[in-house]
Amino acid sequence: WEFNGSFHQPSAFLMLGIPGLEALHPWISIPFCALYLTALLGNCMILFIITKTQSLHEPMYYFLCMLALTDLGLALCTLPTTLGLFWFNLRSIGFDACLTQMYFIHILSFIESSVLLAMAFDRFIAISRPLRHPSILTKATVAKIGLAIVLRGMVSLLPIPFLLKRLTYCGKMELSHSFCFHPDIMNLACADIKVNVFYGMIILLSTVGMDFIFIVLSYILIIKTVISLATKEECLKALNTCVSHICAVLVFFIPMIGLSMIHRFGKNVPPLVNTLVAYTYLIIPPALNPIIYSIKSTHIREALLRALRRKSG
């Protein structure tokens, strides 16, 4: 403990793995390793293919690059502490290191949410204004959108670590996960956390909440546009371009909303459920997104096959 008057701040937190299954952590690490490896290799592959294939230098694939970079960041944020815990039982994480990890996890989550919104906007423009699509979403516009997304995440979350540092902590310093999460740290304080709760809720609703609402509105407009198309074949072709994005949205938002609800209202939820939802939220999307886009995107699949043929040749 570090003591300063009546202010108590822990030197470190203790992380938990999967409650009740601690003896099986080395075995449990095997699927986690597979997921992390899939996330790292898959997203690097997406970035490599799009960078090297001139025909993929379009707004849709630029946004996909942003998504892949964000997923790489999310995987790398949680990988050291998660595998360190499962392999070597390294449960301790320094207070400042924990706040740093938490800050980047939340920033990258907010960025992923915003990128998914930008991708929904891109699909709406491509379907409703196909001829004007290249002139509306130019390279410069896409770059500005990307910069705005990063700045929004960084600025909106900047006060969070400082709001946590001002609190007094006491009692058992055990986190619910093998990574640092804002509600988890906040609930360990024995001080008034109303400001933290209020600010966290406002930021979540004004960023991720608004992103989700606008994504839903985008798809309502997309469906409205698709219905007005002349033939059934045109409708299916237009909707087919959105399938990958819809899957990515569901894979990201469903566990995120579930975890937020558990942390705020699920006091009686079993710890195992809380842990599984948290891992689903942070590890599954980075691993699944490259697979989803590789399977559903003909252009990426063809570019990947061409790259494999060149290597084998």
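In case you wondered, yes, glycine gets a Cβ from its N, Cα and C as well.
Database features, via TrEMBL:
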type	residues	note
DOMAIN	42-293	domain 'G-protein coupled receptors family 1 profile'
TRANSMEM	24-49	transmembrane segment
TRANSMEM	61-88	transmembrane segment
TRANSMEM	100-121	transmembrane segment
TRANSMEM	142-164	transmembrane segment
TRANSMEM	197-222	transmembrane segment
TRANSMEM	243-264	transmembrane segment
TRANSMEM	276-295	transmembrane segment
Notebook entry, point to check: When you scan the chain for residues with a C-beta under 8 Å from the transmembrane segment (142-164), skipping those not six or more beyond its ends, what do you find?
Noted result: 59, 62-63, 66, 99-100, 102-103, 106-108, 110-111, 114-115, 118, 182, 185-186, 189, 195-196, 199-200, 203, 206-207
Next item on the list: State the mean pLDDT for the domain 'G-protein coupled receptors family 1 profile' (42-293).
Entry: 90
